[in-house]
Amino acid sequence: MSTVYKLKPEQVTESLVVLYAPHREAQATKFVEAFGGQALVIRPQQTLDLTSLDPDKHLALVFDEAVSLQSTGPKPPGPVFVAFEGNAMVHRLKHGGGKGEQVAKAVGLSKVSGDRQLTVLDATAGLGRDSLILAALGCSVTMFERNPAVRELLQDGLDRASIASDVTDVVERMSLRKEDFISASSDIEDESFDVVYLDPMFPDRSKTALVKKEMRVFKQLIGGDEDADELFEPAYRISKHRVVVKRPKAAPFLANKTPSLQIKGKSGRFDIYTKKAF
Ligand SMILES: C[S@@+](CC[C@H](N)C(=O)[O-])C[C@H]1O[C@@H](n2cnc3c(N)ncnc32)[C@H](O)[C@@H]1O
């Protein structure tokens, strides 16, 4: 029997700790090879107590039944992963209950006739929640995500959903480009998508933002998307009808551009930049 080697917290200097179940070894290894930053790989014959690590310094990426991000330190919140299947809201949206959703109004779905499929480019896909809503409402969605760890979660969510019968048709309308939208945009033609959707991270330092586990790991992993203003110009050029920017309530306009319309919600708003009517 092979001995299990227990790692001590002081041996962990890397900010990202990667753990994997044996059946996920190839995927985890591929991720680490491609990952630009510092990552420590914990092999199945090693153990590490994640609760003994400093939660402000270390985050874990776990390849198991799902791929998830896990905070470290004592009493960490639960793992963050993508689950598109079994979602009651998607079920409702698929069956015609969603044109009143704020994001649906923001992209202009109420302005197009039932059989027209809008093409949406989601330049900042994250965990794909907004893209999922738009795809459930019938849009064809092309997602861009530049963070390698977030991409693993998103791809894993798409893979599981593609074999889950309740959402197979929805995720067939979603595709993922594992690239930075700003650099990739030069190869995308003018007005080639009906709508471009932007939801970059905003450097919000309020405590409420830290309450949500998704926010906590995203802040740690990504920070504040400091170059977010650079998304605006290519997004505007590539969109045919409008650019939609999701923003926290108190955030300034993206790239200092005043929107043509706004939809305000409880905690956030959509700034809409219209070009041509639908
Ligand atoms: C706030 S999250 C988006 C959440 C998403 N709307 C959802 O519903 O799950 C922002 C994401 O955009 C990504 N991002 C920011 N700038 C990007 C860029 N230039 N190209 C691709 N992805 C980008 C970040 O890595 C992060 O995952």
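Each position is counted from 1, following the chain as shown.
Using N, Cα and C of the backbone, Cβ positions are placed for all residues, glycine too.
When Asp56, Asp64, Asp199 are compared with the S-adenosyl-L-methionine site residues Arg129, Asp130, Glu145, Arg146 in TrEMBL, the one appearing in that site is Asp199. A 10 Å cutoff on Cβ-Cβ distances gives Arg129 (S-adenosyl-L-methionine binding site) a total of 16 other Cβ atoms nearby, all chains included.
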